[in-house]
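Chemist: So TrEMBL has the following annotated:
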type	residues	note
DOMAIN	3-92	domain 'CARD'
REPEAT	655-696	repeat 'WD'
REPEAT	744-785	repeat 'WD'
REPEAT	879-920	repeat 'WD'
REPEAT	1003-1044	repeat 'WD'
REPEAT	1044-1088	repeat 'WD'
REPEAT	1089-1130	repeat 'WD'
REPEAT	1131-1172	repeat 'WD'
Amino acid sequence: MVLEERARSSLLRLRNKLEQDIKPPCLMDHMITDGAMTGDEEEKIMTQPNRKDQAAALLNLLLRKDNCSYISFYNALVKEGYNDLACLLRADLPHVSSEVHNGSSGHSTSYVQAMLSEGGVPQRPVVFVSRQELINQVRLKLYQLQNDSGWVTIYGMAGSGKSVLASEAVRHPQLIKECFPGGIHWLSVGQLDKPDLLVKIQSLCFRLDQSLDEKSLPPNSLDLAKERLRFLMLRKYPRSLLILDDIWDSSVLKVFDVQCRVLLTTRNRSIADSVGGVKHEVEVESGLDEKKALEILALYTEKKPQTLPEEARDIVRECKGSPLVVSLVGALLKEKPNRWLYYLRQLQQKKFKRIRKSSSYDYEALDEAMAASIEVLPEDHQNLYKDFTVLEKDVKIPAKVLSILWDLEPEEVEDILQEFVNRSLLFVDIHSKPHLYYLHDLQLDFLVEQNRDQIESLHAKVVHQYQNHYRDGPPTSGDEECHYWIRFLTYHMAKANLSLELYSLMFSLDWVSVKARIMGPALLINDYVEHGSILDKENSEVRSQFQEFLSLSAHHLEQRPFPDVIQLALSLPHTSEVYRQARQQAQNRAKNGKLYFDLVNKSSVENLSRLVIHPRQGSIYSACFSHDGTKVASCGASKMLKVFKSTSGERLAEILAHDEEVLCCAFSSDDGLLATCSSDRKVKVWSAEQGKLLKAFPEEHEEQINHCEFTNTTRLLLLATCSNDEMNNVKLWNINKPGSQNTLFGHFKPVKHCCFSPDDSYLSTSSNDGTVKLFQVPSANEWKTIKVKDMISDCDNEEVFVKCSTWTSDCKRIICATIHGVLVFDVETTDLLLEIKTNRLGTVQYCHACPTSNLLAIAFSNYTVELWDLEENKKRADCSGHLSWVQRVQFSYDGSQLLSCSDDQTVRLWETKKVHTSSAICLKRDSDVVFNGEEVIVSAADNCNRLQVRDGRTGSVLFQSEETSSRIRCTCLSREPSAVGLGQENGSVRVLEVPSGKLLATLLGHTKTVLHCQFCQSGQTLITSSEDTTIRVWKWQSGECKVLQGHKEQVRCFSLLSDSTNDSRLLSWSFDSTVKVWDIESGTKLQDIEAHQGAILSCHVSPDRCLFATTSADKTAKVWRCDSWQCAYTLKGHQECVRSCRFSWDGQRLATGDDNGEIRLWRVKDGSLLKICSQDGKDGMDSLHGGWVTDLHFSPDDSLLVSTGGYIKWWNVVKGETLQTFYPTGSALKKVHVSADFSTFVTIDNIGILYILQRVV
């Protein structure tokens, strides 16, 4: 059989593309298995020097071969994932109509029909959909029987379409002519006893004898029947094919082992092991794809597939495309075409007996077909198979789990599972290591229906077997067996109604730690949501405490290395059961030297967000709620669209949506669709349930598309988009039309946002031209223009960009956001009703009005979200927690929740009522602390530009100044006298009495921002440094001042060389790369040292005052001698700016920290490197320490080191290993204040939260 001309032309036409793309070794493996090429041919091809030459040789070989080889090559492309190339070849696959037999195709067709009819081959079903790739596979195997006898086995589960496939494969004139000219003989077998089997063979022999006009007595035993059949097949029909349909028993198959050519269908893959000869097999997938399944339903109901109701797709999904179920339902719908929803419900409710229809199939109802497969198992294996009833759908299980469940050796379990697989009662994923086993949904549904009254006891068996096996604690190996138990143990307990066991497990911090480390936090949170009704019967408050802890710690629990759960829980309120367990475990472990730190001032740390989701997709530009509030979608810089459960953060879908950054995503009003738009100028619509691409609109926008939004109501489904185009920048799309429905003209600069009014009557568009336009949706005509730029009073002739707009629920007001502020307009008159003066350091990024209240959420570039009451024009709350620009905010449609997404790669969910009632005061990071016994006194400026002095342990405010007009930039405390000093941006310095707040002194002299201040000499002297390049030494009570001048750039800090009153020397360092030594008594400069090639970032004096160290932006640190002011060593090795340094108390070591989060420990004696810390991997902030290493302190015995960056870390100095990490709510810690005994640590994060940490002992 030569290669058809059409197929040959296809290979020649596509030759260059094929040679460029294909990898021949992978393809040839499949072709050799099909018998389409030999091992020698493969070896010859593999001698070619490179992949492209190998591909050329393979194509040359194909051009010399036949149709079978072309089909085998096509199937190999499909299997190896070359779907685009396979599609190009598909149109030229050899077809029946192109083959000839004895002349014309008409003669050929009648010849085939006559032969198949004589052989008893069933006619093609009235409703038939071709599965061409599977048919091609069967035909390729049949061609292997052309010259020799053998077996081709088609196997698959009940109702997968094996019989139709077998009959269709032989409906091929060329195949019959070349391989089986003696005829095709079909025998339906099924489940038979010996007498029935004898009758079947007698009937077959009679049919074969009758066709030759021979008269002979029928054989009266199976042995005689087998010999008679052998004689007929070898002598009378030597080149014919015997088709045995529905073989169940190997003993039955042995009767047909007569050295002829056999095609058989079966549910048991291994059934041909009992016979001799060459064997081939084809596996039939359990389900049709959605397109083919819908085609069957369309043929039955005489509709076009695209006009079928939505229930049609639901039916296909429910039965996973089972050909049997689809056909049964289709036949029922043919008679009752209005029962789509009824039959869908029957499937969903597992009422299989209702899905019945007389047909050519042997079983009237679906449950009968599946029961038949199980009944042939040995009784003990039937009982084992029953245990699969407890599985969840789409869950794969390793053999080790079943070994524990059945209390059998793993090898014995594997043998039993293989038997189930061979009988198509179970499926195996051979690509996983170890192999994983699973059921088809229909099989699982059947088991659940059959064993409904035993479900509780079956689940209890699973739990008890687990408890017997894992008496010492849960598995932690992280393999597939461990994953199954950790993921599904709570599910089995709940289904078994083992409430006490469930309470004990889920109210245990040990279990939380194990499951979060192995499975991640989302599934764990989902457990508390799913089993909440059971847990609440025991203690709803404890359930809520565990769930809240996990929700707020989720982004930490996703990090690697995995954080210490006990340390995380020590930040919870003292009344929490989670804290109680953590505290007890911390105390027990502290006895063995483990470090833990209790957050003392818990009342000052408010966790307002309900859930933190970390999608790990770079900056997140957009996030949105589904209309029912159960899902959150997010998109951003990673080009991905991701969907999560809003209750737990569990990931539901992950889609590579675009070729460039995805700028916006939006749910449709019925939550069935998700739209995305991108910098790649494309608009796409996805199935929200399945994550499949439903529509990719043509590229009508010429620039990036900034925003997309669906209409709010189901009566009208439109999608609006806006872009950076200068003209065609706003479009309306109907997803049932190929292109845009309307283009809305009016803006001549980029449009950043578009928004439908709640009733969908209007679309508002916000543009860089400084206006918001309102368009009538039905006509697409411009209705009104709001000139926002004319209403901005303080923009100083800058361009005004309108970033977004949002409607109030009554459609009467529209709120517009610009970087300068937020304005509220009357829709009817376009009058300005309200201007919200945010008075923030950051710019407005976005705003959204609550659909059910007067609240407005505003997102800012300085990491915060504010909630405002529109009626009262009053701020209600600050929502702090993000670590970078907040890009988007949105209320849920019922107004109960608010989400925010940020460049910090997180989405935060907030409960509106909780944040509405709270607004925390935030402190600035420039602070000072005095430790006085157990007392901790903290001074810092707050976000209202007031100076606060607090009792750190209780959180009570000892003193609070009036709001100042100039920003407070630094502060320092004095014990005696009890006073606080502060430096301001306008250069002034003030000293206040504590706690009275009485102004003791105002010190004027600096001309620019005061950067650092410090009391010395028993509080009588105050030293300050400034951006004006000077240092001033004040006798603040008298106002006397000495000015230390000499630096050329700002002086950020300084240090006294000694605490002694006899040593008046002071070191100062600056961005001018110099260190200067001063006598503060005389005001003279003692030494001027050109220390580095870049700005000096830190300096520290050794405890013995003999050395000092400097670090610089030039990536080096240096050690200097105080006696000669000469450099002793230059320490090189850091790859980024060296930000901080600290000598150990014994003076033997120096620690340095850089902007990549790396800490190095050096030997002071010779400048050699001792250890590099922080080498355990980068985190989500792309740093080894969550940010710059800004501060370092050794413990008094020099065994421990504490460092600050994005968080606080404690280190073992000798080993350079992390001992503990504390994660603040915010980030970017500037310094940590440490008590003399190394037991108390104080810091403030970048969102203004104060932390007082006490070591647990």
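The backbone N, Cα and C atoms fix where each Cβ goes, glycine too.
Computed from a predicted structure; not experimentally measured.
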Chemist: Work out, from DSSP, the number of helix, strand and coil residues along the domain 'CARD' (3-92).
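Modeler: The counts are 69 helix, 0 strand, 21 coil.
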Chemist: Give residue numbers and ranges for long-range contacts of the repeat 'WD' (744-785): same chain, 6 or more residues beyond its ends, CB-CB under 8 A.
Modeler: 703, 706-707, 709-713, 715-716, 718, 720-732, 799-807, 809-811, 814, 816-817, 825, 827, 830, 851
Chemist: So, by DSSP, how many helix, strand and coil residues make up the repeat 'WD' (1089-1130)?
Modeler: 0 helix, 23 strand, 19 coil
Chemist: Need one number: mean pLDDT over the repeat 'WD' (1089-1130).
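Modeler: Per the prediction, mean pLDDT sits at 96 for the repeat 'WD' (1089-1130).
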Chemist: Using DSSP, how many residues in the repeat 'WD' (744-785) fall into helix, strand and coil?
Modeler: 0 helix, 22 strand, 20 coil
